[in-house]
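Annotation source TrEMBL lists ATP binding site at B:38-45, B:155-158, B:Ile184, B:192-195. Annotation source TrEMBL lists active site, proton donor at B:His45. Residues or ranges marked as beta-alanine binding site by TrEMBL: B:Gln69. What TrEMBL records for B:Gln69, B:Gln161 is (R)-pantoate binding site.
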2 protein chains.
Amino acid sequence: MAATDLQTMNIAKSIVDVRAAVAAARGAGKKIGLVPTMGALHEGHLSLMRAAREECDYLVVSIFVNPTQFSPHEDLDRYPRPIEEDLRGCGDEGVDLVFHPDVATIYPAGDQTIVEAVELSTIVEGAHRPGHFRGVTTVVLKLLNIVAPDVAYFGRKDYQQQLIIRQMCRDLALPVEIATCPTIREADGLALSSRNRYLSESERETALSLSQCLQFACDRVAAGETDLTALRQEMVQRMQQTPGVELDYATIVDAETLSEDAQPTARLVALIAARVGTTRLIDNMVIEPTDSL
Amino acid sequence: MAATDLQTMNIAKSIVDVRAAVAAARGAGKKIGLVPTMGALHEGHLSLMRAAREECDYLVVSIFVNPTQFSPHEDLDRYPRPIEEDLRGCGDEGVDLVFHPDVATIYPAGDQTIVEAVELSTIVEGAHRPGHFRGVTTVVLKLLNIVAPDVAYFGRKDYQQQLIIRQMCRDLALPVEIATCPTIREADGLALSSRNRYLSESERETALSLSQCLQFACDRVAAGETDLTALRQEMVQRMQQTPGVELDYATIVDAETLSEDAQPTARLVALIAARVGTTRLIDNMVIEPTDSL
């Protein structure tokens, strides 16, 4: 099956080619799914493709390292781009169409339009990466307009990102469903990330402190902790006591508004961002409200 | 025919109703045209409807006074809203669907997403009305997403607006054609505007100075004037010498970039904005390059 899919997988560089392929699929009554990625595909991305494959009849994957979501000092240049391997991965998952545009296709000369969910984009992760989410919403809106999928799939690993994209789609009345799929983790808890390949073996060990800190917070809430302010402080202390970690933030907030002014009985999300060596990692865990509280 | 059209004209307040009506029309193979308006319809709006009626099979007109394109000190509250008269006008023009949403339909609670063509939106008119074009692009994108027309129609009277909307659609890869229709003028040259109804009889007379100043600039270029800097100064002087006029700007710029750094042989546009009494008016004239230069 993988061999057959590889043969029929279409690779498009241009917007017109994507539109033609998707229009043909839609004309055949197919439900269109889009998995937007920056490539360097891992099991997290593949799980999105499998979810899309399950629910849709025509699966589009975009591979585009979006420059506008990187700040000047960030890792745009060294961001991994293993395109051959990525295309093989897509083929193996039965992807129908890979959209792999050049930067000039997405940002043509004179391009100047930005899209921003102004409140959600400037807090938590957004406070540490000014302009990052503006770059995300701008490129995702372009991709949604180009592909016009029925459903677009995002990973919960980028919790704030999927929340912001949902907000954008709601606010702009985009006729698309946003699906969020669970974070995929290694057996020891490390959340999969394209940036994990930057980590040395010892850094990878140190990086476990992120998911462990989140799990600690989840366990405390499950055990009945209602003082979220104190819990936040404990999370920060844990991370600051971990050698080799430079913490950006560790917090627990309302899962919808990302506000620290959260009820302990609400749906919550614990969020963390830290540098391990030169690699910046993020992770999160959602804490569903329990009836027992 | 007007009576029949009135009977079949659909009026929708909700997004789902618009989508259902447009989906049915599209399902019947019809080409969809949208004329976005803030109501207070005049011959300029009607000319857009006629152009759309000519080219499309299903004509949608939106009537929505968009609060986000008004600054706090501007005329949002007193902006005319003669909805009964507007609906009659739409009926007479054979409009198939009027979308007349409440503010909460377009800006639901928690709405926070903005769209901006950042360069074009901050010069000329944008420099005098900060945030205005951001409000325009945001609402127009919402309307385009809700109606999903094949063609959307705008008046050249709002020259910079139609330029910015074209830029937005290009940048965001929106699958819609933007059509710009000529400014409609009274016999004496006054550009039609919903705000003209604010003018007293003597103010209306004074308001003629705007189109006269633009015509003066056009005539000078046609007569071979190549010193645009001097011509701009003459435009400003003319307006400043007109009693009852408070000038915001009078300029002549490149018709694509709106830059004053324009070649006199390029396609140009003369633009003007001024207050007559308490009423702020804008007007423009496009100067096509001539082979004789």
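Heads up, the Cβ atoms here are built off N, Cα and C, so glycines get one too.
Geometry remark: B:Ile184 (ATP binding site) versus the residue listed as 'active site, proton donor', CA distance 9 Å. A gap of 10 Å separates the Cα atoms of the residue listed as 'active site, proton donor' and B:Ser194 (ATP binding site). The distance from the Cα of B:Met38 (ATP binding site) to the Cα of B:Gln161 ((R)-pantoate binding site) comes to 14 Å. Residue pair B:Gln161 ((R)-pantoate binding site) / B:Leu41 (ATP binding site) shows a Cα separation of 18 Å. Counted over every protein chain shown, other Cβ atoms within 10 Å are most numerous around B:His45 among the recorded positions B:His45, B:Arg156. Of B:Leu41, B:Gly44, B:Arg156, B:Ser194, all annotated as binding-site residues, the residue with the shortest Cα distance to B:Gln69 (beta-alanine binding site) is B:Ser194. For B:Leu41 (ATP binding site), the same-chain residues 6+ apart in sequence whose C-beta sits under 8 angstroms from its C-beta are B:Glu85, B:Asp86, B:Gly89, B:Cys90, B:Ser194. Within 10 Å of the Cβ of B:Gln161 ((R)-pantoate binding site) there are 24 other Cβ atoms, across all protein chains. The residue listed as 'active site, proton donor' carries a helical DSSP state (H, G or I).
B:Ile184 (ATP binding site) is surrounded by 18 other CB atoms, counting those within 10 A of its CB over all protein chains shown.
Mapped onto three states, the DSSP output places B:Ser194 (ATP binding site) in helix.
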